[in-house]
Each structure stands twice: as C-alpha cells, then as structure tokens.
Amino acid sequence: MRNWRWLLLVLAVLLAWLQYRFWFGPGNSGEVMMLEAQVAHQTRDNEGLRQRNQALAAEVKDLKDGEAAIEERARSELGMIKPGETFYRVVEDAPLLPPAAQEAAPPAQPPAASADPVDHP
C-alpha cells in the first residue's frame, strides 16, 4: 500500500511538472498560437506576392514575345507614333475671364475644341 502512495505521488509531481512546461515553459501553448498566427499572416502575404510575381512574369513574357505590347507601351507611356501617322492634340479653349467675372458677364458661346495636326515623317 505504501508503494502505491509513492507511485501516485511521483505521477502527480510528474503531471504537475509537465503541465507547468506546457503552459509556462519554452515553446508553451501561447507561443505556439502566436507562431501559428504569424504563419497564417505570412502565408497571406506570400500569396499576394505570388500573384504579383505571376502578373509580372506574364508581362515580361508578353513583352518578350509580342510586338503589340511593346507598341502599346511606347504609344501610351512615351507618346511615340508610327512613321506616316498624324498625331492630333486636342486643346480646349480656356476662358478669358476669371471665375468671379464670368458670373457677372453675359453667357457666351460654349468653347469649341480645336485640333492642331502635327505631322511626323
């Protein structure tokens, strides 16, 4: 009977020590939950970056393979035109009176858009 008490006491002490390590020791449950949250956050960040990389890779492939993408980018970002094309810039007429004077002035004809052709050889 005495041996059972010692065995029970040793098992209780062992259980208490294991519980202490589980809740408060290194690698405890709080740290594990915090690390799992960090992993989830990093996984979301990685997925966004993976999608961005795929889009950039598709753009690089398109620029390497097709002239249409290069031409479109040259036209929109650099303002380039093909030989023999005529570029038209539409400039709207600016009002001659300041805004306060416009309210007091009689209504004028609506401003007409003018087109200035620019020829490039």
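Cβ from N, Cα, C; glycine included.
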### Query
What range among 50-73, 98-121 does Swiss-Prot record as region 'Disordered'?
98-121
## Note on the structure
Reduced to three DSSP states, the topological domain 'Cytoplasmic' (1-6) has 5 helix, 0 strand, 1 coil
